[in-house]
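Chemist: Encoded as structure tokens, here's the structure I'll be asking about.
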Amino acid sequence: MAFDHKKYRPYHPINKTDRRWPNATIEHSPKWCSVDLRDGNQALIDPMTVDQKDRLFSLLVEVGFKEIEVGFPAASQTDFDFVRSLIEQNKIPDDVTIQVLTQARHDLIERTYEALKGVKQAVVHLYNSTSPTQREKVFKLDKQGIVDIAVNGAKTVKALAAGYPETHWTFQYSPESFSATEPEFAVEICNAVLAVWQPTPEQPAIINLPSTVEMTTPNVFADQIEYMHENFAYRDSVILSVHTHNDRGCAVAAAELAILAGAQRVEGTLLGNGERTGNMDIVTMAMNLYSQGIDPTLDLSGVSKIVQTIQDCTQLPVHPRHPYVGELVYTAFSGSHQDAINKCLQVQHESDHWDVAYLPIDPTDVGRSYQEVVRINSQSGKGGVAFVLEQIYGFKLPRWMQIALSKVVQKRAEGVGKEISVDEIYRVFTETFIHSAGKILNYDIHQQHDKQRLDATIETPHGVTTIVGIGNGPLEAFLNALMAHDSTHYEISDYQEHAMGAGSKADAAAYIAIKCNDQNGYGVAIQQDSVLASLQACYNAVVQAKQVQDEEQLQAS
Ligand SMILES: [Zn+2]
């Protein structure tokens with residue numbers, strides 16, 4: 001059998017009984033370090049061009065990153081040249097620190113410092129691999145041999161830094177493959193490096209703990225981080241950083257639990273590009289904080305630009321359901337969701353905390369609009385349709401009008417077999433209920449004894465006619481005039497009107513439901529004059545009822 005789970009063995013959890021992280025909460029944002037230009041870039045089919053790197057670097061600065069890993073200059077001439085161009089062309093703002101990666105080899109560390117010559121401040125990021133698999137199969141060294149690589153690298157990093165006194169240096173060490181390394185050994189090797197660097201609270205070192213490959217549930221990673229947090233020497237002089245990957249789909253969760261467990265800094269990429277399944281997605285984690293009332297210290301209000309730039313630089317599409325930024329994430333398709341959103345939005349005041357069903361954040365915070373909240377397909381209920389017309393066009397449809405419209409919209413959506421756009425809904429609405437075959441040109445009302453007499457002139461495709469009727473009010477008089485004119489029985493079953501917008505010059509919208517024999521008809525009209533609005537809506541309802549009757553007769557024959 002090819003698909004055989006017995007091929008794999010379970011991960012052994014850490015034997016920890018004094019966990020504190022499950023009771024912790026995240027109260028402020030971690031320090032962020034973007035590794036888009038290094039880890040992200042090295043995972044691309046086509047690595048970024050200099051122009052793309054420049055564009056991405058500017059975006060990272062604009063979003064507010066203060067630490068940006070820009071490459072692996074000792075391993076790649078392109079990276080070397082890019083680092084030089086940033087420094088020589090003065091592209092690094094004073095409050096931004098660039099970071100570069102290097103292996104723990106003397107010649108590579110030397111070349112790394114050459115790349116950084118003249119920079120105001122930088123992080124030199126040293127790594128070597130520490131897991132049993134890497135020790136035994138890749139490097140064929142015992143534990144001491146691996147510690148020696150790290151310690152010698154740390155010594156070289158420290159010694160060569162002294163040759164560049166104009167730069168403020170920070171040293172960072174990563175035990176690569178940390179997540180697969182025995183925790184006791186990870187502590188041993190990190191402490192050996194720290195003993196070389198002798199960090200102080202004023203001059204801290206960064207220890208970065210990667211889940212180079214994500215291998216466990218996030219709680220196990222949190223245990224590993226808490227263990228390190230408790231066992232570092234120089235703990236008050238160490239910035240504990242994590243660098244998670246998404247192999248099991250939990251990179252963000254692992255980083256969040258790591259913060260609970262004592263991590264202070266998080267490395268990741270915007271939208272999660274990176275080796276294999278990608279790096280931790282900083283946009284998602286930062287927006288998770290934001291949605292809990294925590295300042296993420298990054299400005300993600302322009303997600304469209306972020307998405308566009310990342311897509312242009314990585315040539316990778318963003319999934320339409322990507323958290324917070326996907327094309328569909330503020331779109332509700334189901335009628336009950338639309339209805340709930342609609343009801344919540346109506347009572348959501350600017351001064352209150354955001355509390356809208358199905359919308360964890362206000363889409364406008366990230367430059368998205370309410371217009372996207374609702375799309376209509378054949379499953380959408382009347383709530384969605386009514387919501388669209390009210391939010392965008394200002395029509396407050398009475399319930400019976402919502403039902404009538406949603407039937408027509410649903411029919412149209414079924415006809416085309418897909419969702420129909422907001423513009424299409426508006427077109428269906430106006431074509432069916434507003435634009436009728438007749439227009440009331442003018443009307444005249446006279447008091448006749450205790451009744452009112454109405455004369456109305458109507459323009460139809462067949463010509464101009466004047467009809468006359470008497471009733472208790474203009475609408476009843478108009479209906480009587482229509483009945484006298486075409487000898488059909490009409491009866492108004494519902495009527496409603498409201499002002500469109502505010503002010504004395506606001507148009508009036510009138511909605512009328514009539515019964516024409518057994519057939520219901522619905523009409524809507526907007527006019528400056530509210531009496532004319534009601535008469536025209538009534539006429540439109542009569543026309544619509546007749547149209548439906550004609551269609552049904554046509555189908556029957
Ligand atoms: Zn990585």
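Including glycine, each Cβ sits where the backbone N, Cα and C put it.
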Chemist: For the Mg(2+) site that TrEMBL describes with Asp39, His243, His245, which of these is also annotated: Asn15, Asn219, Asn279?
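Modeler: When TrEMBL describes the Mg(2+) site, the candidate it includes is Asn279.
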Chemist: I'd like the per-state residue tally for the region 'Regulatory domain' (436-557) from DSSP, helix first, then strand, then coil.
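Modeler: Helix, strand, coil within the region 'Regulatory domain' (436-557): 40 helix, 59 strand, 23 coil.
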Chemist: For the recorded Mg(2+) site, whose residues are Asp39, His243, His245, Asn279, find every other residue on that chain with a C-beta no more than 8 angstroms from the centre of their C-beta atoms, and list them by sequence position.
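Modeler: Not counting the recorded site residues, we get Val35, Pro210, Thr212, Thr244, Ala251, Glu267, Gly268, Thr269, Gly274, Glu275, Gly278, Met280.
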Chemist: What's the most sparsely packed of the binding-site residues His243, His245, Asn279, counting other C-beta atoms within 10 A?
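Modeler: Each of the binding-site residues His243, His245, Asn279 was scored by Cβ atoms within 10 Å; lowest is His245.
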Chemist: Calculate the per-residue pLDDT averaged over the region 'Regulatory domain' (436-557) and state the result as an integer.
Modeler: 90
Chemist: Kindly assign Asp39 (Mg(2+) binding site) to one of the three DSSP-derived states: helix, strand or coil.
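Modeler: It is helical.
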Chemist: In sequence order, what residues of the same chain, 6+ apart, have a Cβ less than 8 Å from the Cβ of Asp39 (Mg(2+) binding site)?
Modeler: Glu69, His243, Glu267, Thr269, Gly274, Glu275, Asn279
